[in-house]
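Chemist: Provided herewith is a single structure, encoded as structure tokens, for subsequent inquiry.
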Amino acid sequence: MLFAIGQRWISESENSLGLGIITGQDNRTVTISFPASDETRIYALASAPLTRVLFQKGDEITHQLGWKARVVDVMMRNELAFYLVQRLDNNEEIVVQEMELAHQISFSKPQDRLFSTQIDRNEHFVLRYKALKHQQEQFQSSLRGLRGNRAGLIPHQLHIAQEVGRRIAPRVLLADEVGLGKTIEAGMILQQQLLAEKVQRVLILVPETLQHQWLVEMLRRFNLHFSLFDEERCADFDNPEDHVEANPFVAENLIICALDWLVQQPKRAKQALAGEFDLLIVDEAHHLTWSEDSPSIAYELVMQLSAVIPAVLLLTATPEQLGQQSHFARLHLLDPNRFYSYRAFEKEQQQYQPVAKAVQSLLSEHILTVEEQNHLAELLSEQDIEPMLKVINSQADTEQKQVARGELMSNLIDRHGTGRLLFRNTRQGVQGFPHRIYHQIKLDLPTQYQNAINVLNMLGEIKDPELFYPEQIFQKMNADATWWRFDPRVDWLINLVKSLREEKILVICQDAITAIQLEQALREKEGIRSAVFHENMSIIERDRASAYFAQQEEGAQVLLSSSIGSEGRNFQFACHLVLFHLPNNPDLLEQCIGRLDRIGQRRDIQIYVPCFADTPQIRLAQWYHEGLNAFEETCPMGAILHEKCGAKLTEFLTSDTTDDFQAFIQQTHQQQLQLKSELEQGRDRLLELNSNGGEQAQQLANDIAIQDGSTELIDFTLNLFDIIGVEQEDLGEKSIVISPTGTMLVPDFPGLKEEGVTVTFDRDLALAREDLEFLTWDHPIVRNGIDLIVSGDIGKSAVALLVNKQLPTGTLLLELVYIIESQSPRGLQLTRFLPPTPLRLLLDIKGNDLSHQISFQGLQKQLKPMGKNMATKVIKIMRPAIEQLIKQSAKNVVEPAKMIIEQAKQLADQSLSAEINRLYALQAVNKNIRPEEIEQLESQRTLSLELLNQANWRLDSLRVIVSNKE
């Protein structure tokens, strides 16, 4: 390819970008600007997916100023085209440089391919039409961005994702209780925003220990490839010799890094602030300490980032756990103008308390007192609620009262103090969780361990934490010793595994080496099939271990994991958990149990803790169980109590005496009960209703389940693979291996690895086996497959034989598919209202459109393929008639195309105006409606209608049909 600045090219893979201009090139790359969509692309010279745009004599062009002209002659100078044209409005002849051509232009000439005998197979034309129809449907689907995640269909998660994901620059606090899936909610919101092109650049800040968990979750659940940033990676961008420091944060669009690292590296923090991100996600945001006088450095950094990044998601503990002051600090990060003073916030919250009590009465279906009705009238106008209150307090039937209560609750939710900013679900509110059953196994400490402890104690070589791991102390004496040959925990574990032959068992150890040694013990002693899973393994190796464990037949019965290695992995298909070592704080304990105790777990969880008598292990287990009840219930107050009692607990764990330990446990238990009671009293039922979505959320889950059960995606995708030339191998168990081949119609299938990939269309199987790709309409392989067809030349022109005894032999029909589309900047989401829409015409020899009488499928059933030689002869003979029909189709398409564009404008106006009016109404009673949100929507409405006015249409594909008697 010869490139020159000023040349006009189009992208083969992204037709919607419009007509591009070469703006720069070097030895390896070429830069091209697409003014129509306000985009710039940089391609490798050797493989740029670009097509040179050169018009020929007789072609019609459009100037940037809007006038049209016909090309009279073409001249080339220095690789640039100069067109002598005749304007269509005044017949003036003028020379136009190619740089002056209109940017909003469509290029696709199936007739050129047809007349040059580049004829596609009939099935390719059918695939193209189906791909266009599916593309249109998916752009307009309300389930887009919600159905493609490797996650169960949990109503409250889907509700939050839909509610927040459709907003412009959402700024919210996700504060669900542990185990309810805040990470999944954040991922679903992120995916919706990315698919809608509302955001492109994303920064996720997490604690250092959770970086890989987020990396795995984003990749495995959402097919999002994030980059992990640390000092080593960023140092590669520092080049003192150039005297110019490149900003590493602009090198990638999707970035995960540790918040602590940014705090410790002011230079990197400054670079992140200059990174021009669209969305910021902060996990464990409750660790950002704040007070009015001295906010922490971490808090101030997040404050600075949230000031320059439009969309912000904070994942945090529940407000009740945080306390009001800390809760205010998170809200201040999201909207400092609204939450400017803690005292004002406190006063507002106190005013809301009576309303919360009235809500409780409504939920309990009690008759509201006069005082409660007055409190509700303070939040809603009396005239708004009076009709509803009359029904609620009357002798109306139960159904009428239920409707009135529902309407009143809906109004209250919209006007709730922090309803649009805060989402918080509790296990009690969501329900559907299994029980957790604790089994303590008390064993005698082997003399080998006791002797090793005594000797190393005398030498002063034991640190307190090591007392929890006697096998490691023993190995200090003799590194080659096989401790598992005499450790009674190993024999107990083997007996447990043998007694649960049909069950899967997850065993969590503190470290990788113990997991590896236990695998050896199970294999050598009893030949038990097991897999190991730890932080020293690559993601692919962990996937394989996870898949081996998930297999029902011939799979591993036991998975032996280190505590860090299992982060981010959920094994809901198992219900037996062995804690070979106990974590040293309640949050880590909950993380371990959370591998099995997730929403969607269908069976009670059996938790086994083998401990040695009279050791720190058993005392810690006792404190967890009797003090916190942390094994059998989630313990949201665990971290608070551990911080409060930690020093005293450590004393009891490391001393030989256990005097007063029982009293200490009892004291912890009393504090736990008190905190639990306070949390329950502080529950905001109205907020919970807003957060879980009620019946609408359930309907959303049902809609996705119905689509999951449809075979439409499977039929289309397998047909797509067949035609493209992707190899398919059915493995049974609802999974297939797809691999690229050397005979594919395209040189590369985006998203399909060279070594192939195993895929499934079944959600339950995808949840059980993380090594499988879960194919949905939102999956990159499916989306890329559709793009390959609709943006390429496959199926653009075809010839077919119509077998019909009623028609004279040689009767000509021409089937044409036009695309109605609008070119617009990312983020405007015009595809909601006007996606690339196929409009089918079926013309007879007289130019009559028969498409309304004869459907695509109905016609297809009567068609037979025509050989290439015969098709070439038919085209040659019938070319004049075909050319005449193509001209006629350009007239036929005008009215229906204009109607579709008008409908899109009406839909855009109605949809955006309704949302603007709703926000204006809410703003009058709810201060959390940000003025800039309404302003953005109004600008969006104006620009959307303007660009829809400029929508146009183009001929995408055509099929010549000739009749025969047989």
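Even glycines carry a Cβ here, placed using N, Cα and C.
Pulled the feature table from Swiss-Prot, pasting it below:
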DOMAIN    163-337  domain 'Helicase ATP-binding'
BINDING   ASP176, GLU177, VAL178, GLY179, LEU180, GLY181, LYS182, THR183  ATP binding site
MOTIF     283-286  motif 'DEAH box'
DOMAIN    489-643  domain 'Helicase C-terminal'
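What does the local environment look like for each feature on the list?
Modeler: Taken residue by residue with DSSP, GLY181 (ATP binding site) is part of neither helix nor strand, so it is coil. Around the Cβ of GLY181 (ATP binding site), the same chain contributes ALA151, ILE154, GLN157, ARG598, ILE599, each under 8 angstroms and 6 or more positions distant in sequence.
Among residues of the same chain six or more beyond the motif 'DEAH box' (283-286), those with a C-beta under 8 A of the stretch's C-beta atoms are 173, 183, 186, 204-207, 210, 214, 302, 314-317, 321-322, 326, 330, 333.
Summed and averaged per residue, pLDDT over the domain 'Helicase C-terminal' (489-643) gives 87.
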Chemist: Starting from the Cβ centroid of ASP176, GLU177, VAL178, GLY179, LEU180, GLY181, LYS182, THR183, which together make up the recorded ATP site, report each further residue of the same chain whose Cβ lies within 8 Å of that point, ordered by sequence.
Modeler: GLU185, ASN425, ILE599
Chemist: For the motif 'DEAH box' (283-286), give the DSSP counts of helix residues, strand residues and coil residues.
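Modeler: Across the motif 'DEAH box' (283-286), DSSP assigns the residues as follows: 2 helix, 0 strand, 2 coil.
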Chemist: By a 10 A CB contact count over all chains shown, which of the binding-site residues listed here is most packed: VAL178, LEU180?
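Modeler: The residue with the most neighbouring Cβ atoms within 10 Å is LEU180.
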Chemist: Give me the count of other Cβ atoms within 10 A of the Cβ belonging to GLY179 (ATP binding site).
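Modeler: So the Cβ neighbour count for GLY179 (ATP binding site) comes to 19.
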